[in-house]
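Chemist: The structure that follows is given in the form of structure tokens.
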Amino acid sequence: MASGYGLNGGPSRCFPFWQELLSCYVVNSSDDDDSGKRKCVPAMEDYYECLHHRKEAARVKMLQAAYRQSEAKKLQENPPTAGQIRNLGLLDKEEDTKKVLGAS
């Protein structure tokens, strides 16, 4: 991934993040003192997010859970009526009237 070449021969999607991280390490650290690497934590987080999309996946899961919860609440507060269920178009009109009237 860090080579800079993607699957199709061009630059990979995360190569700019890798370059930013590498330049941060070069500027902020030396052979004698590695304490400047702490300044590169945001760049490293950006690079890892580009590679793995963990924060994005967590946000998507959270949004999906909230959406499902709100939809379930709507159904509990306002359940569909029998007429709405019949009007879904899954049954023919003749079958529907037979089942409503109790005739088989």
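Note that Cβ sites are derived from N, Cα and C of the backbone, with glycine treated the same way.
Got these off TrEMBL a minute ago, pasting:
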DISULFID  Cys14-Cys50  disulfide bond
DISULFID  Cys24-Cys40  disulfide bond
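What does the local environment look like for each feature on the list?
Modeler: Cys14 (disulfide bond): 20 other CB atoms within 10 A of its CB, across all protein chains.
Counting every protein chain shown, the number of other Cβ atoms lying within 10 Å of the Cβ of Cys40 (disulfide bond) is 20.
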Chemist: Ten-angstrom check, please: count other Cβ atoms within 10 Å of the Cβ of Cys24 (disulfide bond), all chains counted.
Modeler: 18
Chemist: Under 8 Å Cβ-Cβ from Cys50 (disulfide bond), six or more apart in the same chain: what's there?
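Modeler: When sequence neighbours closer than 6 are ignored, Cys50 (disulfide bond) has Arg13, Cys14, Phe17 within Cβ distance under 8 Å.
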